[in-house]
Amino acid sequence: MQKSSKTLHSDALLSFAHHIEMALSKPFLVQMRTLKPFSNPFLGASRLRHFSFATPEEAAAERRRRKRRLRIEPPLSSLRQQPVQRRSPSSKSPNPNAPKLPEPMSALTGNRLNLHGRILTLIRENDLDEASLLVRHSIYSNCRPTVFTCNAVLSALLRQCRYSDLLSLHRFITQASVAPTVITHNLLLQAYCDCRKIDTALEHYRLMVKEDAPLNPSPSTYRILIKGLVENNKVDQAVDLKNEMITKGFCAPDPVVYNLLMTGFVRNDEPDRVLELFEELKEKLGVGGGGIIADGIVYGNLMKGYFKKGMEKEAMDLYEEVLGEDSKVRFGAVSYNLVLDALAKNGRLDEAIGLFERMMREHNPPKRITVNLGSFNVMIDGFGLAGRFEEAIDVFKRRMAEKNCTPDVLSYNNLINLLGMNGLIVEAEEAYKEMGERGINPDEYTYVLLIESCFKAGNPNDSLNYFDKMVESGLRPNANAYNKIIEGLLNVERLDEARGFLDQMLEREVKPNVMSYEMLLQAFCKVARLDDALKVLRDLLMDEDLSLGSEMKELVLEALRKDGRQEEFARLLEDVEREKAEAAARAAEEKERAEALAKEEEERKKAEKAAKEAAAARASAAAIDAVLGRRKSADNKEDEKEPSQVTGGTDEAKAGDKASADGVSANEVLPGSNSSVPTIDAGNPTQEVSAI
């Protein structure tokens, strides 16, 4: 028995060896030899050949393609990074209503790429209406535009300040379930900020940073929002947003963001906070001791902070340090312009001219861009402040043309301001006409400058005409524009017209400021029109956000005392306080009534809901009772059948007994009976039980 087991074991080993030999047959060994590494001295060159290009033009085209892809496709870092967790069998399925991720760049192929090209052609031809219409028509077709195509149209609308069309198209693509990218969000935020709807922009930002949001904000997101907050004089809120950016880790400390905040503190005349922000940025970037920040964007506002603190030596030392020959600080056109502005507006025009000439020499596009339109605007403004009008005009007309720069509305505003200050109203009006010829739309400040220049030249009617043109062009005059009109009319003693413009402000919901009322009060008191002065004073006192200054109060009281009507001032104050109290009571009553109506409506809805639930419960109970009733009746019918069968058998047994008693055989069929009764042997009990 032991010998036979050894034999079996050896046979198994021989069989296994035979299979191995067959597996390593000649074809298999030949195939393995073909997979051996082969050393070829020219292999490296042949591999590199696949990554080279036949001509430099092909290489340049490939670089442009990669840049376009990086420009329109959001970086991978913008996607909300979440740890990958293995789902347990009991975990819930994902929410189908959760926000979707945007399409990748690879979706822009085939017909969708052709559509993208057609829309870009329309944008280049400035036919934005047709481009928007094509996006809307294609969104539900078999060639659906990508989000990159939609972004291109939104960006073009934003550049032309067509905010209503932008918001309409954005709402349309959102309802069509086109998943947005970070660029889409940034375009919308920029539109809100440009329209002075910073609160709406912040609400949209809060949606972006929710936990279930698929995208993270980018540095551009915070630059747009913080710039909007600073321009709306909400610098403290902008600082909080900057802290949130760093705390939540969405973005690294950004010098551009810090520069925007420093700009706000410079405008608010808070130089100490400018220096604090600079030191904080150095700490965040790890630049300790005497180190410097490599990005030159922050040094212009830092110099302005030093100038405002009276530290001119420190400002110029900083200038020499960051702009010296051995400096490692990177400066572009925007960074240079900030330093240029700091020098030109703080009595250092000669240094500003030297820096401007250096910028002009270093300008070598596309390799290095050190001059842009803002550079010329800063120099025009600087020459104007110094009273050097000829040099300012030379910069506008000659130096701009040297670098092929086309002036914008800000350039023309600076020029019109200079010409108007110098009494050259004809030249200022020619500059205004030139704007229209070049297709440059004037803004509110353009018209304010023209209004002021015409009043200064003694042409009040021309000022009124420019005001009407501003309204006709679709611009909304602000309080500053109205104040210029009121001041100019009061200077030429046209008091009634000035009062009419104040009433127009209130009708058009333009909030007057204290200056609007005080100019009229002074004018009416000067000519002893006290009734009109008291009416204006009443309007001022009724405004909750404004208060009467002590000097103006004394002026009005003095005018009333001269006319023996000083008691009317106290009476006016009492009337205003009573009207304010009555208005507050009415507002409280209306609020209470509105709350009561809202509560009543809520209770009514609750009652309707309860009634619907009760009706549904009754209907459900009735349905259940009906089902149970049918089942019960069916059971009763079955119960009725069974006793009838048992009763019938007993009657037949009785009939059989009676027949036996009458001498009739039990196995005979009784008349009227369909069944026969079997014969039962009395002596066999088993047969009797089975019969029963």
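Numbers here mean position along the shown chain, with the first residue as 1.
Using the three backbone atoms N, Cα and C, a Cβ is placed for every residue, glycine included.
Annotation source TrEMBL lists region 'Disordered' at 57-107 (among others).
Taken from TrEMBL, the feature compositional bias 'Polar residues' applies to 78-87 (among others).
When averaged over the repeat 'PPR' (181-215), pLDDT in the model lands at 91. Residues or ranges marked as repeat 'PPR' by TrEMBL: 181-215 (among others).
The repeat 'PPR' annotation in TrEMBL covers 218-252 (among others). A Cβ distance under 8 Å defines the sequence-distant neighbours of the repeat 'PPR' (218-252), meaning residues of its chain 6+ beyond its ends; these are 74, 78, 182, 185-186, 189-190, 192-193, 196, 198, 201-202, 205, 208-209, 258, 260-261, 263-265, 267-268, 284.
Across the repeat 'PPR' (254-284), DSSP helix (H, G, I), strand (E, B) and coil residues number 27 helix, 0 strand, 4 coil. According to TrEMBL, the repeat 'PPR' annotation covers 254-284 (among others).
According to TrEMBL, the repeat 'PPR' annotation covers 295-329 (among others).
Remote same-chain residues near the repeat 'PPR' (332-366) are listed as 259, 295-297, 299-301, 303-304, 307, 312, 315-316, 319, 323, 372, 374-375, 378-379, 381-383, 385-386, 399, 402-403 (criterion: CB distance under 8 Å, separation of at least six residues from the stretch ends). TrEMBL lists 332-366 (among others) with the feature repeat 'PPR'.
Look at TrEMBL and you will find 372-407 (among others) tagged as repeat 'PPR'.
Sequence annotations record features per position, and here TrEMBL assigns repeat 'PPR' to 408-442 (among others).
TrEMBL lists 443-477 (among others) with the feature repeat 'PPR'. Within its own chain, the repeat 'PPR' (443-477) has Cβ neighbours under 8 Å at 409, 412-413, 416-417, 419-420, 423, 425, 428-429, 432, 435, 484-485, 487-489, 491-492, 494, 508, 510, counting only residues six or more beyond its boundaries.
According to TrEMBL, the repeat 'PPR' annotation covers 478-512 (among others).
Marked as repeat 'PPR' by TrEMBL: 513-548 (among others).
The region 'Disordered' feature in TrEMBL is assigned to 583-612 (among others).
If you look up TrEMBL, you'll see 629-692 (among others) marked as region 'Disordered'.
Residues or ranges marked as compositional bias 'Basic and acidic residues' by TrEMBL: 632-643 (among others).
The compositional bias 'Basic and acidic residues' annotation in TrEMBL covers 651-660 (among others).
For the repeat 'PPR' (408-442), same-chain residues at least 6 beyond its ends with a Cβ under 8 Å from one of its own Cβ atoms are 373, 376-377, 380-381, 383-384, 389, 392-393, 396, 400, 449-450, 452-454, 456-457, 459, 473. Each residue in the repeat 'PPR' (408-442) gets a DSSP state, and the totals come to 26 helix, 0 strand, 9 coil.
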